[in-house]
C-alpha cells in the first residue's frame, strides 16, 4: 500500500500545476538545428586551441593536427547538450556516429554541417526557400519567396504548404499586390513596393490626401481632397446627455461633463450649460453656493450650527447639546465655558 501511495505521489509531482500551459515540443528540425548551432559554436570556441601538452610540434607530428583531432571533436561533443536536456542527449546518442563520420572524412566535401546533417542525412529540415516532405520551392521561388513581401508557410522545414503569408500592405498568392490603404510605389514582374496612403484615404494612387480614390470613413471629399468630417459640428450632438463631443481625425469622442454641470459644451466647470443644485454661475463657471453664509438661515433650529459642504450644507447640534424636533437643547453636562468651547465636527463626521 505504501508503495502505491509513493508511486501516486511521484506521478503528481510530474504533472503540470493547474492552469499551466504546456510548452510546445520542438520539432525534429528545430532540435537538429539547435544541435548544429552548438556544434558550430564549439568549433569556434576551440579554433585557436592546441593539445596543451607543451610540445606542440611533437604532438602534431605524432597525434596529427589538433584542428582535425578526435580530442577536439570530443571537446566539442561534450558541450552540445545540458545534462538535463533529454531530447538533445537522445538525438546526440542516436547520431553520434554520423557526426564522427562527418568530422573525420566528410567535412571538406560537405563544409555546411546543417545542410549535410539536418537536410540530406536526417531529412528533418529543408534549405531556406523550400518546404514540405520533398523540399519543394516556395511560391515565388527559393531565392525570394513571396516576392520578399511575406513568409512562406513551412519555409526551411518538412512542414507547411508553401503558401504566402503576406506582410502588412501586401496581398495575393505572391504578395505582389497592394491592399486597401496602400498604393504601388514600384513594381515589375518580380518586385513590388507598396507604400501607405494618407490616413484620409481608403484607396489611393499616391501619398497625399489629394491622391485618394475613395475617402476613408469619417472623411469626405471637398473639392479635390479628402478632409475630416467634424461630427461635433452637427446640429444634434452624437453624444448623450452629460457628455460633450470632441472631434478627432476621422472620428469623434464623447467625454463626460464636469460633475458640477447639467449639460456642457466642453471640459471643466467653465463650459457648463447649467449648474447642478447647490452650485451657481459665477465669473462664467459653476461654483459652490455657501448656504451657511446666506442672509436667510439654512439651519432653522435654535442653537444649530451650519456647515457648508460641496453642493450642499449640513446642520449639526454643538457638542454638549442634544437634538429635539425643533431645537438643540443643552444637556446638564454640556455647559459651555470660555475654557471649554465647543468644536466644529470633523469633515469625516459631516
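For all residues, glycine too, the Cβ spot is worked out from N, Cα and C.
Keep in mind it's a predicted model, so treat the numbers as computed, not measured.
Cross-referencing 21-24, 25-28, 29-32, 33-36 with Swiss-Prot places the feature motif 'CXXC' at 29-32.
249 is the residue among 188, 249 that Swiss-Prot labels N-linked glycosylation site. Given the ranges 257-260, 261-264, 265-268, 269-272, the record in Swiss-Prot names 261-264 as motif 'CXXC'.
Taking CA atoms as the reference points, residue 146 (disulfide bond) and residue 175 (disulfide bond) are 6 Å apart. The disulfide-bonded residues considered are 138, 175; of these, 175 has the fewest other C-beta atoms within 10 angstroms of its C-beta. Neighbour counts of Cβ atoms within 10 Å were taken for the disulfide-bonded residues 32, 152, 261, 328; the minimum is at 328.
Sequence-distant contacts of residue 29 (disulfide bond), defined by Cβ-Cβ distance under 8 angstroms and a gap of at least six in the same chain, are 118, 124, 125, 156, 157, 158.
According to DSSP, residue 152 (disulfide bond) is assigned to a strand segment. Rounded to a whole value, the Cα-Cα separation of residue 32 (disulfide bond) and residue 152 (disulfide bond) is 21 Å. Between the CA atoms of residue 328 (disulfide bond) and residue 261 (disulfide bond) there is a gap of 36 Å.
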